[in-house]
Each structure stands twice: as structure tokens, then as C-alpha cells.
Amino acid sequence: MLPFLKAPADAPLMTDKYEIDARYRYWRRHILLTIWLGYALFYFTRKSFNAAVPEILANGVLSRSDIGLLATLFYITYGVSKFVSGIVSDRSNARYFMGIGLIATGIINILFGFSTSLWAFAVLWVLNAFFQGWGSPVCARLLTAWYSRTERGGWWALWNTAHNVGGALIPIVMAAAALHYGWRAGMMIAGCMAIVVGIFLCWRLRDRPQALGLPAVGEWRHDALEIAQQQEGAGLTRKEILTKYVLLNPYIWLLSFCYVLVYVVRAAINDWGNLYMSETLGVDLVTANTAVTMFELGGFIGALVAGWGSDKLFNGNRGPMNLIFAAGILLSVGSLWLMPFASYVMQATCFFTIGFFVFGPQMLIGMAAAECSHKEAAGAATGFVGLFAYLGASLAGWPLAKVLDTWHWSGFFVVISIAAGISALLLLPFLNAQTPREA
């Protein structure tokens, strides 16, 4: 690893309580705002292509199967990258790891806008997926390092809204760009914005509290659950921690299988939702993408409710809130599918409620993985479940495109309804699991 990418060493520990408190308050706000902005732009460069899909299909640039193939390639590569990057990011300098990854995705989006062949699109989108994996594990590690167990749900939920803001704005940006300049201009705009913010991350983001001379967050907040997690596995090597607390941890595997199904639903609605609106209601690209924006708006609110509720109502136990939201996914998907009449307002409302319920488990499962693992393996644990999440998302690409071609939208909704129902069943063992960490 290049020297500047290595995690910074611990600085001499401060002793002045007032200075420690002041620095913790400043850096906790600063870290959250910085990773929030960075991840929102990761989302811009991840969903730029999806937002342009109706325009690309209308222009005959790619077929529906081509679109599904690119989505599947992206999700598989992104899932693998999240796991590998999670392991690497646990011992890397957060500011450069995340910043360089974002700059790379920006450059690739610009190149995508200049490309014309399916092979060029495929190669560039696989590369984009690889560098996209440099974002989320870093954020998970920093959220675990700067915020303790009994408060983390609320802070993690605030960061998680970056998904929704990025996901809500990029369809509007792409639709406006496509309307006036073509979809390629939208890809280039997203890429340029990502490069600027990536440079900002390299400049202003910081690593763990200990690298700034601060005590661990559990000691600072006197959080017994956090201190207990910090003290687990003392004396183990990184390889032993990874094996015991991630690869052989049954709770991590159960969360992973559940994540597969949650992401089938999330990716299906996110990637095919605008096409569903276009084909069933005959609306234009701007109107169709507005429905996807409602999905993200619902997710924005749902993530905040899920994070706050798991902290305040269940004392940091993510299981009950996860189950409630998983049941909500099934009901809201069924409402969109079985709606007896075609109405933009009602369908957009269903997109909102699906987003509300999907982004609860989307956030809480990743957080639960970090908390069910070792403190020094937070990035690896979230990366591991993320690998399975995007294997699930890949099923919403080419395989779901084939379902659409054969059984049309009825087959589409049958698949995602089954996925939602099974995901709820897999979360039952977590109802009473407060701190399951090892096998």
C-alpha cells in the first residue's frame, strides 16, 4: 500500500477535558457533513446511468437486455469491491481512500458520456463499480469510530440520507440535461461534480479520533455497550478478527442473506421504476423520474425514523425495527402491484411508501453488521454484507429483465413480493439479539 494511503498513527492523547469535548463536538459534526456530501456524490455517479435509461432506450443506443446486463455487471463488481475495500479500508487513511475513489468515479462518468459501443459501456461501468466500493466501507468505519452504540442509529440515519438526496437529485439533473443537451451531458455533469467533491474530501476529511489525540468514543461518552465491543477480541491479529467476527459469524451470514432480498426490491424499484411509470402511464422522462424521486424522498424519512426508533424505542437493538420495516416493504409493494386503477398520484405515493420501508433495513442491516462484529472489522463486516446486498441487486438487472420480457410487470412484482416476504422471516432471530458478535 502507498504510504499516504496507510492509516495514520495515533497522536499523543490529550488530557484537557474541555479541549477533548470541544474537539469531539467539532469533528463529529465535520466528519458527518463531509462523508454525507461525499457519499451523495458517489450516488450521483452511480445512478447517473439509471436515470438516463428511458432516454437511452428511446434513442436506440442500447436494448433492454443490454441495460440489464450492464446493471448486473455493475452490481456484482460493486459487491465484490465493497467487501475487498472494506478489508483494505480498515487499515487505510479514510480521507485519501474515499476521496480518490470519488475522483475516479467522476472521471469514468465523463468517459462514459463520450462512449458509443456496448463493450466500452460495459468496461467503464465495471470500473465505475470497482471505485464505487471505496465509499461505503470508509463511511461505516468512521461512523463506528466517532459515534457510540446508544446514539449511532440517529447519526447513521443522518448519513444514510445521502443515498436519498443523491438518488433524488440525479434523476432530475439527468432529465433536465437530457431534455436540453442529451443524456451524455448529464453523465459529464455528474462526473465533474464528483471530481470537485473528491478533491474536497482529500483536503478536509479525517480518520479515527485516536489519530487526532482523542480517546475512543466509548470512553468519551461512557457508553458501556461501546466499551464492551472495544474490549472484545483483545490481542487477536487482524486475520483472526476477520475470520472469527466476520467470516465465521452466523449473525453476519444471516444478515447477508436478508440483505440479498432487501436489495432485490430496492434495485428493482430504483432501476426499473421510471420505465414502469413510462410504460404503464405513458408519461415523459421528467415525470417518470419524479416518481423515482418520491422513492428516495420516502427513503430519506424512513431511514431517519428507523435509526431514531432503534435507538430510542429499542435501546440500540436493530432487530425489532428491522422486522417492522420488512413487513412494511411487503405491504407497500403489494399496494403498487394490485392498485385497481392507473393514477400518477397514487403510484407516486406507493413509490414513496416503498422507499420509506426499504431504506429502514437497507440502513439498519449494515449498522447491525458493524455492531455484531469487532470494532476493528467494521469496514470488513459492512463490506461483507454489502457483497451479498449487491449480489441481490444484480438479480434485479439482467435476470429481472428476462422476467419482464417473459411475464411482463406481473412477473416483476411477483418476484419482488416474494423477496420482501422471505426477508422479513430471516430477521426473526434478531428480535431479542442485543449484541450478537461472534460464533
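Cβ atoms are placed via backbone N, Cα and C, with glycine included.
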If you compare the topological domain names in Swiss-Prot, are Arg318 and Met346 on one side of the membrane?
no
Checking distant contacts: for the topological domain 'Periplasmic' (46-66), what same-chain residues at least six beyond its ends satisfy Cβ-Cβ under 8 A?
105, 109, 112, 118, 121, 125, 128, 132, 166-167, 170-171, 173-175, 178, 182-183, 186-187, 190-191, 270-271, 274-275, 278, 285, 288-289, 292, 398, 401-402, 404-405
Establish whether the number of Cβ pairs under 8 Å between the transmembrane segment (380-400) and the transmembrane segment (96-118) reaches at least three, counting only pairs separated by 6 or more residues.
no
So how many of the residues in the topological domain 'Periplasmic' (46-66) end up helix, strand or coil by DSSP?
16 helix, 0 strand, 5 coil
In the same chain, who gets a Cβ under 8 Å from the topological domain 'Periplasmic' (401-410) while lying at least 6 residues past its ends?
64-65, 67-69, 272, 276, 279-280, 337
